[in-house]
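Shown next, in structure tokens, is the structure this report addresses.
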Amino acid sequence: MKIAFYAGSFDPLTNGHLDVLKGCFVLADKVVVAIGLQANKKTLFSFEERVDFITQVGKDLLGADSNRLQVLSFNNLLIEKAREVGASFLIRGLRDGTDLDYEMQMAGMNGIMAPELQTVFLPASVSGRAITSTLVRQIASMGGDVTPFVPSNIAQALHSKFQSVRGE
């Protein structure tokens, strides 16, 4: 069984992440989405909320095959968690050349520490290349429409979260 390991903070999951996730299901029998937990990183959505978002998207994508998706957390080296779950390869999404430069460095380091784990790069679609979680949060915080950038359930959650912050 081929197991893809796709790690990130997913705060929130964007349509760019969704592009990559769709590619994962083409390449692997099972996809492990690993949400990195860092004590020094403040997130907008809790771990549980992010798990719910990703799980719902998985159900929407896969229907009865949603058992092909597993969502979990990690707070150690990505390669350690990937080994723990029996991953066949690591997945990294690319938006542009800047991402490629950074991800090539990471793939090199991971390859030295875990030569059995190959890194597979999946490019975002043209429509997903400009999307970042940071920009989505900024747009939502100012009351902007984020529906072109995130799944509808996440757009609603962002709207609700920032509406309460703004006191509306």
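Placement of Cβ uses the backbone N, Cα and C atoms for every residue, glycine included.
Taken verbatim from Swiss-Prot:
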BINDING   Ser9, Lys41, Leu78, Arg92  substrate binding site
BINDING   Ser9, Phe10, His17, Gly93, Leu94, Arg95, Glu103, Gly128, Arg129, Ala130, Ile131, Thr132, Ser133, Thr134  ATP binding site
SITE      His17  site 'Transition state stabilizer'
Within 10 angstroms of Ser9 (substrate binding site), Cα basis - binding-site residues out of Leu94, Glu103, Arg129, Ile131, Ser133: Ser133
Among the substrate-binding set Ser9, Lys41, Leu78, Arg92, as the record gives it, the longest Cα-Cα distance in Å: 20
Three-state secondary structure, which DSSP defines for Leu94 (ATP binding site): strand
Other CB atoms within 10 A, centred on Lys41 (substrate binding site): 9
Length of the line joining the Cα atoms of Ile131 (ATP binding site) and Arg92 (substrate binding site), in Å: 15
DSSP three-state assignment for Ile131 (ATP binding site): coil
Sparsest Cβ surroundings (other CB atoms within 10 Å) among the binding-site residues His17, Arg129: Arg129
Candidate binding-site residues His17, Glu103, Arg129, Ser133, pick with smallest Cα gap to Arg92 (substrate binding site): Glu103
Nearest of the binding-site residues (His17, Leu94, Glu103, Arg129, Ser133) to Leu78 (substrate binding site) - Cα to Cα: Glu103
Most crowded position, judged by CB atoms within 10 A, among Ser9, Ser133 as binding-site residues: Ser133
Local Cβ density at Leu78 (substrate binding site) - other Cβ atoms counted within 10 Å: 21
Alpha-carbon distance [Lys41 (substrate binding site); Arg129 (ATP binding site)] in Å: 24
Most Cβ neighbours inside 10 Å, all chains, among the binding-site residues Leu94, Ile131: Ile131
